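According to Swiss-Prot, the protein has these features:
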BINDING   Phe57, Ile58, Ile59, Thr60, His61, Arg128, Thr327  substrate binding site
BINDING   His312  heme binding site
Amino acid sequence: MSCPYAGNGNDHDDSAVPLTTEVGKIYGEYLMLDKLLDAQCMLSEEDKRPVHDEHLFIITHQAYELWFKQIIFEFDSIRDMLDAEVIDETKTLEIVKRLNRVVLILKLLVDQVPILETMTPLDFMDFRKYLAPASGFQSLQFRLIENKLGVLTEQRVRYNQKYSDVFSDEEARNSIRNSEKDPSLLELVQRWLERTPGLEESGFNFWAKFQESVDRFLEAQVQSAMEEPVEKAKNYRLMDIEKRREVYRSIFDPAVHDALVRRGDRRFSHRALQGAIMITFYRDEPRFSQPHQLLTLLMDIDSLITKWRYNHVIMVQRMIGSQQLGTGGSSGYQYLRSTLSDRYKVFLDLFNLSTFLIPREAIPPLDETIRKKLINKSV
């Protein structure tokens, strides 16, 4: 059956006149389907003991790797656009579009796991012996995605060796080394946030105004707590306010913030965190609308990678349990479970921004000077 969108529905029309004399490639040639569809080599079949589900296992992982390649392609283009002193609104829109594409791809990858789970543990055991020493830990493209996103080497969980040592060929190791040296998406987003208009001390000086608003907000909370007639309830409220004051101190005191960065509990520089908070507060302003979408999509990417890791962990536990080693010699389930921690969450600071919110009515109002600046300035 021919494609209904390609013509009048006939398989062949002898009277049709070609629209061009250029020689093109037919569908299969263009997509190189001869290579793509001939790349499923079932080792169980070569061993004269074919296992039906090995084919599903191969297809699923090859599909993952194809989508990983597209994610890397999108990340590289986004990093190129972000690597500039000024990013105009047109580029910001394109970055948002491509990040959204990555989000949709990751949603597809998350939804792909249940297809693999149609295979039972016994079915998997029938061909698992053929997989060693292969392991998902050896997915070069996934490691490149992590590095290009901004997962730091010191934040990684070690299991037997450095993660890059599992790759034996020099080309793969060079790719890993280059991805570690090149500016990551995290670094480029940080630079971009540091340039957020309105942070200048000689201008709107958002950070000073925000501190004043927080002080007034907490003081109002104290006054309200002091009017509490029940002593125990009053003390509890005052204690809670002091805890909140300490939380705010962690962003207002640069030394405390830097200590949290060194400890791995924060990722952004102090200035970049200020920019992220400002964009969050004023996201309804036209100039900050796209930047806010960009930050939201970065969180979506982090969340979906975590969901994919979690689904992978649960699937591995169902297939091999929690005590066996992985086929590549890793600690299997235990190692995978350890990657679900916040140390693998690249844009952790964006998730924690809600900790520092204040009521809408307490947000410092924008003056006319900064409004005009936002109209005329790209971020």
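Think of each number as a place in line: the chain as shown, counted from 1.
Backbone N, Cα and C define each Cβ position, glycine as well.
For the pair Phe57 (substrate binding site) and His312 (heme binding site), the Cα-Cα distance reads 13 Å. For His312 (heme binding site), the count of additional Cβ atoms within 10 Å of its Cβ stands at 18 [all protein chains shown].
Calculated from their C-alpha atoms, the gap between His61 (substrate binding site) and the residue listed as 'heme binding site' amounts to 12 Å. Counting only residues at least six positions away in the same chain, the Cβ atoms of Gln40 sit under 8 Å from the Cβ of Ile59 (substrate binding site). Here the residue listed as 'heme binding site' is positioned 13 angstrom away from Thr60 (substrate binding site), judged by their C-alpha atoms. Cβ-based neighbour count (10 Å, all protein chains) for Phe57 (substrate binding site) stands at 20.
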